[in-house]
Each structure stands twice: as structure tokens, then as C-alpha cells.
Amino acid sequence: MSKASNIVWHESNVTKEERQKMKGHSSAVIWFTGLSGAGKSTVSVDLEKELHKLGVHTYRLDGDNVRHGLNNNLGFSAEDRAENIRRVGEVSKLMADAGLVTLSAFISPYREDRDNVRKMMNEQEFVEVYVKCDLGVCEDRDPKGLYKKARAGEIKGFTGIDDPYEEPNKPEITVETDKHSVEECVKQIVDYLKQNGYLGE
Ligand SMILES: Nc1ncnc2c1ncn2[C@@H]1O[C@H](COP(=O)(O)OS(=O)(=O)O)[C@@H](OP(=O)(O)O)[C@H]1O
Ligand SMILES: Nc1ncnc2c1ncn2[C@@H]1O[C@H](COP(=O)(O)OP(=O)(O)O)[C@@H](O)[C@H]1O
């Protein structure tokens with residue numbers, strides 16, 4: 001809910017549709033959710049490179065990066081995670097309005113928070129990608145050494161250890177990074193986007 005009153009929406013003279021036409025592809029928010037170490041960053045970085053080669057205008061938003069700036073006043077309580085996801089959802093929506101394909105990679109552990117982002121956009125604009133990976137595999141990978149710290153009790157409220165992760169019920173795409181290579185996961189997403197008309201002619 002807005003705290004401000006007496007504010008009036010001001011329309012632009014260039015529409016989203018006109019921006020999309022100029023770019024030659026649809027806008028979309030590709031929302032990566034999954035455990036720490038599941039591969040959200042790795043897959044989204046390689047997917048962006050692939051989309052760029054195909055002439056798609058992209059931008060990537062990543063939990064670690066956004067928490068250095070826009071969201072540096074938020075921690076990892078359920079309330080702060082909800083606010084993190086709400087703000088990133090609003091930024092993703094602005095980017096969709098600008099005609100971009102945004103790749104948003106956040107643990108986003110709560111189904112309700114992700115569904116609230118979905119509700120912010122047009123139905124076909126939100127593509128939820130569940131980056132699925134067994135917790136044990138994530139823990140073995142431990143690319144930042146955070147699981148080790150969480151197990152040692154040095155980090156409290158770590159997702160998957162002593163904080164919840166709610167799997168998506170009906171994601172548009174599930175990539176299983178403990179069964180398929182990065183290249184295969186990227187191809188699966190590109191194929192979905194092509195088959196569903198996101199990438200233009
Ligand atoms: N308590 C706790 N739980 C989970 N993750 C933690 C925590 N503390 C720090 N980190 C680091 O923060 C990154 C997750 O940030 P997100 O913004 O994606 O989290 S969330 O969507 O708000 O849940 C996450 O990055 P990824 O490993 O890329 O997922 C971690 O590096
Ligand atoms: N199929 C795969 N997809 C994504 N990452 C993989 C895969 N196989 C192994 N990895 C490795 O797993 C780690 C995933 O880390 P990262 O992308 O930072 O995860 P997240 O962003 O979800 O925390 C990386 O070290 C990556 O090289």
C-alpha cells in the first residue's frame with residue numbers, strides 16, 4: 001500500500017507495445033527461484049549471453065548484486081525477504097515496460113512472494129523457472145562456503161538449513177541442475193521462449 005496520497009499516474013507517449021515492436025521481441029520477466037548453490041546465477045548468466053547472441057535486449061537482476069545497492073537495508077527475515085522480492089518485482093515490471101527481457105535470480109523462498117510478483121504483470125510476461133537441485137548437492141557445491149557456515153551455526157536462518165524453501169507448484173519451466181549440464185538447462189529455457197513466441201520471428 002502506498003503511504004503517499006494525492007499522486008496521479010502519468011502515461012508515456014511511447015507505449016510498451018511500440019517499444020517491443022522496435023526491439024522485435026516480447027518483454028518478459030524470467031524469474032529464477034531455487035536454493036543457494038542451485039545454479040540460478042550460473043544459468044541466468046549463460047542464458048543472458050545466449051539471448052544476447054539472438055539479438056534480445058536483456059537485463060539481469062541478481063540477489064547478491066541487488067542487496068549491495070537498492071536493497072542494502074534488508075536482511076533475511078521473512079519480512080525482509082518479502083520486501084526484497086516486492087521491490088525486485090517492481091523493478092522487473094518497470095523493465096518489462098521498457099521492453100526488456102529481464103532475468104531475475106533470487107532464492108525467493110516463499111510461494112506467496114513469488115505469486116505476488118506474478119500478479120504485478122500481464123499473465124504471459126512472467127516466466128517462473130524453478131532451478132531444482134537436491135539440497136545435498138547444493139551443500140557439496142557450496143560455492144561461497146555459506147552452507148559450511150550455516151551448519152557451524154555462524155549464519156542463522158539460512159535457506160534449506162534452518163529457514164524454509166517452498167517449491168513452486170506450477171512453474172513454467174523446471175531445470176534440474178543436478179541432472180543436466182548448464183548448457184542443457186540454458187537450451188531448455190531458450191527452447192521454451194522460442195516455442196512460446198517470446199523471441200519474435
Ligand atoms: N540466511 C541466508 N539465507 C539465504 N541466503 C543468504 C543468507 N545469508 C546470506 N545469503 C546470501 O544471499 C543470497 C540470497 O539473496 P536473495 O536476495 O536471493 O534472497 S531472498 O530471495 O530474499 O531469499 C544468497 O545467494 P545465492 O547463493 O546466489 O542464492 C547467499 O549468498
Ligand atoms: N547444471 C548446472 N547448472 C548450474 N550450476 C551448476 C551446474 N552444475 C554445476 N554447477 C555449479 O554449481 C554452482 C552454482 O552456483 P550459483 O550459480 O552461484 O548458484 P545460485 O545462484 O543458485 O546460488 C556453480 O559453482 C556452478 O558451476
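Going from the start of the chain as shown, residues are counted 1 onward.
Note that Cβ sites are derived from N, Cα and C of the backbone, with glycine treated the same way.
Note that the structure is a prediction, hence the values are computed from the model and not measured.
The feature domain 'APS kinase' is assigned by TrEMBL to 27-175.
Within 10 Å of the C-beta atom of Gly37 (ATP binding site) sit 24 other C-beta atoms, taking all shown protein chains into account. The ATP binding site annotation in TrEMBL covers Gly34, Leu35, Ser36, Gly37, Ala38, Gly39, Lys40, Ser41.
The active site, phosphoserine intermediate feature in TrEMBL is assigned to Ser108. Secondary structure from DSSP puts Ser108 (active site, phosphoserine intermediate) in coil.
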The domain 'APS kinase' (27-175) - residue tally per DSSP class, helix then strand then coil: 64 helix, 28 strand, 57 coil
Cβ neighbour count within 10 Å of Ser108 (active site, phosphoserine intermediate): 27
Lowest local Cβ density (other Cβ within 10 Å) among binding-site residues: Leu35, Ala38: Leu35
Binding-site residues listed as Ser36, Ser41, least Cβ neighbours within 10 Å: Ser41
Closest of Leu35, Gly37, Ala38, Gly39 to Ser108 (active site, phosphoserine intermediate), Cα positions, binding-site residues only: Leu35
